[in-house]
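These notes are about the structure you will find just below.
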Amino acid sequence: MRSLRRVLLQLVLLAGVAFRGVRFDDAADAAAAAQGSSDLFELPSPSPTLALPGGGDEGASTEIIAAPWPGRHGLFTPPRSTSQPARAVVQPAADFGSQLQFYDNGTIQLVDLLSKLPRWQFSTGPPLSKHITTSKPDLNYVIYLDGSETSDLIEVHNGSGVRLPWKLEEFIAETPYIRDSFVTIGSKVSTTFVVNADSGEIIYKHSLPVALNEVGGPLVEEIPSKLDAARSGTSANIIVVVRTDYSISASDLGEHLFNWTRTSFTANYYARYGHQDMLAQSSCLRGNIPCIRTEGPPIKLYLPDSSSDNAIVLRPVNEVSAVDALEPLLPPKKLPQPAGESNVALDSAQNQTADIALGHFVPADTELTNSVTKFSYRWLFPTFLMLLIMACLVKLADASKYCRQFVIRFLKPFMRDEKLMDPRGKSEGTSKRRKARKKDGLINSTQIFSASDKEGNGTGGSTEAQSNKAHDSTNVELPNGLNGRQIGKLCVYSKEIGKGSNGTVVFEGSYGGREVAVKRLLRSHNDIASKEIENLIASDQDPNIVRMYGFEQDNDFVYISLERCRCSLADLIQLHSVPPFSNTKGTDIELWRQDGLPSAQLLKLMRDVVAGIVHLHSLGIIHRDLKPQNVLISKEGPLRAKLSDMGISKRLQEDMTSVSHHGTGFGSSGWQAPEQLRHGRQTRAIDLFSLGCLIFYCITKGKHPFGEYYERDMKIINNQFDLFIVDHIPEAVHLISQLLDPDPEKRPTAVYVMHHPFFWSPELCLSFLRDTSDRIEKTSETDLIDALEGINVEAFGKNWGEKLDAALLADMGRYRKYSFESTRDLLRLIRNKSGHYREFSDDLKELLGSLPEGFVQYFSSRFPKLLIKVYEVMSEHCKDEEAFSKYFLGSSA
């Protein structure tokens, strides 16, 4: 059956080649003869035409065709007759005549080619290109033209770019275009200028779209009188210039991001000779202006030289169909003909088209043919007959298939071997053996799935096992108006909620009555699907990993049903960092405090991410693509961060600490560790590097420690990060600088990060400072005391008494004396005052705040580096002591 279809396809292709070769043979020759390129602009194809019907001979018509001259910028071929097409190629011999030039500032100028002097000029409006960008240094969304010959639109969002499926004009027609919180709008404005080619006077100007108060009114003064003068019988030549401005503007929730304009021109030249009604289009030019141009040659349109007394005959016509405003033409008049011998001259009695010239001409040969006219009669019947035969063969092939199925069903009761019941002629045993030979396929994943359930090891116990075979998908209608597809237990809705790499798309769906997010992957990437399914099963039941409820597959795709979440961490940060939505009253989400520090909610979300990494690393799984877009926020209950998108994750074998140099999957640009960019060995430390970037991203409302997206990878390799923006949070600087260490061996473990002072609660901070004070009060170790006293300059600036309120100084002076230059005395003060907090007066309690939150904030706001500096000293001297081990978990791993 397949061979028969292949033969039919080859017959169709051969018929198409024969059809096209005969039909367009002459057109192809003419196109090859006229092929040329311009270094000024790109001339579109097909070229515009102006049809002039024949006046005396019925059925004959004349057609003027605009097409590029070979090897000439802005020049066009002479017209050809539809009844007797000519193959003449006429080339200019010298630069005589005039030149229409377009400049970047929007000016049009007509220049005499002989004297090189301008004859006239006028402005068409603003400059041809504009590009205005917001002053925001963290612009992470832009749409631009790639500058290639195809002029495709590129959309860049959060460091990743995608080629949009529209051209510029199509994209503007589709606007407004909404992506997340970004709104892009477009406009197209066309302005028409009708200009006297001799004087440069604007006869008429019109722009679309226009304001309502301008509709019906003249856009240029004295337009009616100028139009009357153009029709008064003077031998005026006309140039029609159409300027089209395409503008794109984008904003992010009302805040302007960028806008730019691209301009294109269309110019048409009409010659009026001897009589007011004698008008013909002699040339046409189109050119696209690049969206950003600072300098360069002007765009040119060559006009005919009318200084010659020689003339050729132009046929009379009754109307000009391409220009509605022009009046009927009268009997034939003579146009100026270039000087020289053996030029082409066509008589009006021959019903042929005159060669309306651009510049002077050189001799040319003319050859006429009627092959195009004869085609419709010679090839119409054979083509129809061939199509009829192929349709009959296709129907016959389908009939044979149905007959075969009928025979199999008829003989089914008489068959003893159940293997022969497969209508495809393949036994079930053979199919299973063939499937078992697939490597890294979904079958292996399913077997691993079942094995984990049987072992009862606590991982993946709640996930339902799936069938090895692919299901047939059926379309279903849902009560909420959505359409969907049913694949096994899974229903995939048509509503798309996200996209990923390798053709991955995420849809809304339901699995066994539960709302889920359905991740659809191509079966050609089944190794990615298998890896993600395997690692999701292994990490199931952890609250900080997105749960997988099951998976299904059909002939084309693999569908993974995942826990439905509210949004990604990137979406949450971007939304709440915008002033109208940040810390909005009446909502239960507050990510940053009034002083700009991360709130308890945001600290919990970051701690959830760390907890998820701790769980993966404990199972030997390296995520390898950690970024805000791959961290999801739970939909139900309090905010909780969950790790997702484990398509390129890697599970280490026992006793392994890294992936080889040839490991596949290298994460996302801007979030990869330097060893990933260099394709080196990949250990758990690559997740810690990405975590450092993610923590910085959360604290700074979407900033990145390595700058803008286009420079991040280079700065990561060169270790050029900037933490200045978080300098007011010393604990964050201490942690992030460790996580971004270029040496993976020096990066801390995920367990260490989870217990770092950056994530400590106020109660734990106060407990650590009090335990440290108790420790140094009972010791005579000079090394420890000297180390603590050595941080006084960085911790409080040598005199901590200057930064305390007078009421607190008066209260502490009643009991004992303190040295304002001693770190040990400052820690003693914190320990004593926290222990006697209940004895304070109401005024002093109000000054210090509640215990422990307000109390810790009072001292940390005055001595921001005290906690982290004391932590560094105690980590070096006392981290192995039992009393301090709870503060330094994971630091020695």
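Cβ coordinates are placed from backbone N, Cα and C, and glycine is handled just like the others.
Because the structure is a prediction, the values reported are computed rather than measured.
According to Swiss-Prot, the residue from K519, K531 that belongs to the ATP site alongside I497, G498, K499, G500, S501, N502, G503, T504, V505 is K519.
Swiss-Prot gives the label N-linked glycosylation site to one of N351, N444, namely N351.
Of N158, N832, the one with N-linked glycosylation site in Swiss-Prot is N158, while the others lack that note in the record, though it may still apply to them.
For the glycosylation sites shown (N105, N158, N259), fewest C-beta neighbours within 10 angstroms: N105.
According to its DSSP assignment, N259 (N-linked glycosylation site) is in a strand.
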